[in-house]
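The feature active site, proton acceptor is assigned by TrEMBL to B:Asp90. According to TrEMBL, the feature active site, nucleophile maps to B:Asp264. According to TrEMBL, the substrate binding site annotation covers B:Asp90, B:Ser91, B:Gly92, B:Gly93, B:Phe94, B:Asp144, B:Gln187, B:Gly214. According to TrEMBL, the domain 'tRNA-guanine(15) transglycosylase-like' annotation covers B:11-364. Per TrEMBL, region 'RNA binding' is recorded for B:245-251, B:269-273.
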Amino acid sequence: MKFSLQTITKRGRLGSISEIERLPLAAFDTPLMLLTTSGGTVPHLTHETLEMMTKKSLALQLPLASNLRALAATRESKFNIAEFIGMKESLTLCSVNDPLVPLPGGFNHKNSVAVWKKEGRENVNEVAYMDAMESLRPDLYQTLCDSETDAESTAKRLQRSVKSTASFFEYCLERHKNSKVLEKSSILASLVGGFCSERRRQLTKEMASQPVDGFVIDGFNVSGSKGESAKVELVKELVKQTIADLPEAKLRVLPGCWSPEALWDLVQEGVDVFDSSLPTVVAERGSALTFKFCPKTKSFSYNFEHGGENDLKSYEISLKDKTYFDRLEPILEGCECVACKNHTKAYIHHLMVTKELLGHVLLMLHNLHHYQLFFDKMREAIRENKEETAES
Amino acid sequence: MPAVLADCSTSKARTSLLTLPHHTVETPVFMPVGTQGTMKGILPQQLEKLNCQIILGNTYHLGTRPGPELMAKVGGLHKFMNWNRALLTDSGGFQMVSLLKLAEITEEGVNFSSPFDGTPCMLTPERSIEIQNAIGADIIMQLDDVVKTTTTGPRVEEAMQRTTRWLDRCLAAHRRPDEQNIFPIVQGGLDPELRQQSARLHTEREVNGYAVGGLSGGESKDEFWRAVHLSTNILPKDKPRYLMGVGFALDLVVCCALGIDMFDCVFPTRTARFGCALVPSGQLNLKQKAYASDFLPIDDECDCSTCARYTRAFLHTIVTMESSACQLLTIHNLSYQMRLMRGIRESIKEDKFPTFIQEFLNKLYPGKDYPKWVIDALSAVNINLNESQ
Ligand SMILES: [Zn+2]
Ligand SMILES: [Zn+2]
């Protein structure tokens, strides 16, 4: 993998991921949205419906939990994970946590990490983890980490998290260097430390000079709804501090279910890669993203149709809401997605009320399209920012 | 209404073009069931790509949610679900009797208590047509008096006679005869006399097609095919014949030979949800461990988007776990049904339908242990299976 930076501004940076060994012709612009998968599928979608959403090459985030099911098959076969899940044209990044599901917490041991599958918990140590990576052969993967930490974690817990993560790292890197099958995969160092700036700095400084292809800033416990309500000001400070200690040329990944506003803040701090857990989680609760982001003014605007009587976020409308029973306009006027071009709010509301699968399919198609556009606009905003800076 | 393209020179099978307001349908045709105006997470564009020509909606469900008022306001189900090809709706009667325990049938209509608030409601022939007029399907069904297939005695005759009386009320209540075709339903249980009488009574009405109802509900296969055979012998040759609720591959092939043109069944789409894939040799239950290291597509002769990309081993890891799996299997199963029907049509055009049946059965029964009812039904239409090859 090659990561090349094109533009660095005070409000984020533009780059490109290319020269993936498996995908010589593909290039992915950063800031990039990875499509979060569950069991190797983008929830509710298939290759055919994803193609209706975008013609661009896709980059997939494969959380370990849902990959475990594929493990036996990839181990036995000649297939890597991208081929096994029928997405061989897509980039694959294996992550330790699943950003769609909040972590229950308290199940990581000193020498192993709890991975939550639909069937239950499985604890994975560094050896099993690297065995898994050698079977899955993703294009990028992060080193095993103990990231079950949040703002409430005790100093002792954070200490343990940093210590285990550093020791996992040592093993993972060594295995990676000597692994023939992982020759073509890129390795990303995991950075943890919860909400404690000293712990984070301690580990970041240790990792910054390591021979890795990038970093995953983890350990905030911001999966699912926890991410949407995370203390973003604190996270921002910690990310800023972490990034200041990292080499500029390397890729920075920040998983988690961030609100759009938080995401834009984090882009401005210089993060390059995120995931699609937010649009997925929003679709899962029957909502469509409707916020707007203006690249010129770099500001958000919202569509407050509900009058704020329920606990919806400013960036969504709930298609479960009775007000849409007979509304014959699309989810979002002017949206070019498959759902908005062909279907009305009334129809999607009907699908929600009757619990039909197509409702979530249409919401996913809209939300992912909308979020992809948001990433386009953020990149545009950074580009604009560069021009403004150059003029003044 | 239908333009016959070809008749099988051996059996009663035929292939025709059925011109409906929204689409010209090639028969014999299988109609997938999209009960609530959608089918298992599949987009209308995907259904078109699969060559689905006509799909079914359920009047009972759509009449309850979103209801006929909204249907009328949006301009019908075609617009509501954005489906531009043909649609068929049932009368709602069968759903009511099978879903609601408290339904009671009187001469006026079907009495039932609302599943939402328990208030007494009545589905009359007039009300069924009123709702179906609002939904706006190309083909609509008369309300019929449904009895369990295995019922015997005077109730069967009563239901048969009442069905004809209700047919006349439906025809009188129909407000959009230029845009929607009512199909009467041949009833009469398993009694040959009653079934023939029902078919004769209905052929006296001026309609564009007929349905054969009251079958596929627990009767023996022997009784089943004989009732179909009797019905198609009486129904006019120049009108389409729709066999309700039948959709297993074997039944489709045999009943095409008996002269049926249209079929519907929830099976191919419902079974997909549980990880069952349809193949020429029968079914694969992809949940089974055997598929965990099987890297073939479901069916390597299938040209669907699922078989083009996904292996049995991968599907094994996601069936019944991920909603995408349901869509992938639904696509394959519909593709299987559509391909089967296309094969039937092509072979009739080439007048090679008996050969088609023989090849179809060879794949399904490699040991040539054909069920007796299949041998009997096919020999009734002059197709003699090669049993000793
Ligand atoms: Zn849209
Ligand atoms: Zn297939």
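A Cβ is built for glycine as well, from the same backbone N, Cα and C atoms used for every other residue.
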The region 'RNA binding' (B:245-251), counted residue by residue under DSSP: helix, strand, coil: 3 helix, 0 strand, 4 coil
Residues of the region 'RNA binding' (B:269-273) by DSSP state, where helix covers H, G and I: 5 helix, 0 strand, 0 coil
Site with most surrounding Cβ atoms, counting all protein chains shown within 10 Å, from the binding-site residues B:Gly92, B:Gly93: B:Gly93
Shortest C-alpha distance to B:Asp264 (active site, nucleophile) - which of the recorded positions B:Asp90, B:Ser91, B:Gly214: B:Asp90
Recorded positions compared (B:Asp90, B:Ser91, B:Gly214, B:Asp264) - the one with the fewest other Cβ atoms within 10 Å: B:Asp264
Distant-in-sequence Cβ neighbours of B:Asp144 (substrate binding site), under 8 Å, six or more positions away: B:Ser91, B:Gly93, B:Phe94, B:Ala159, B:Thr163, B:Trp166, B:Leu167, B:Ile185, B:Gln187, B:Gly213, B:Gly214
Number of other Cβ atoms within 10 Å of the Cβ of B:Gln187 (substrate binding site) across all protein chains: 30
Three-class DSSP secondary structure - the residue listed as 'active site, nucleophile': strand
Where the record names B:Asp90, B:Ser91, B:Gly92, B:Gly93, B:Phe94, B:Asp144, B:Gln187, B:Gly214 as binding substrate, the maximum Cα to Cα distance in Å: 16
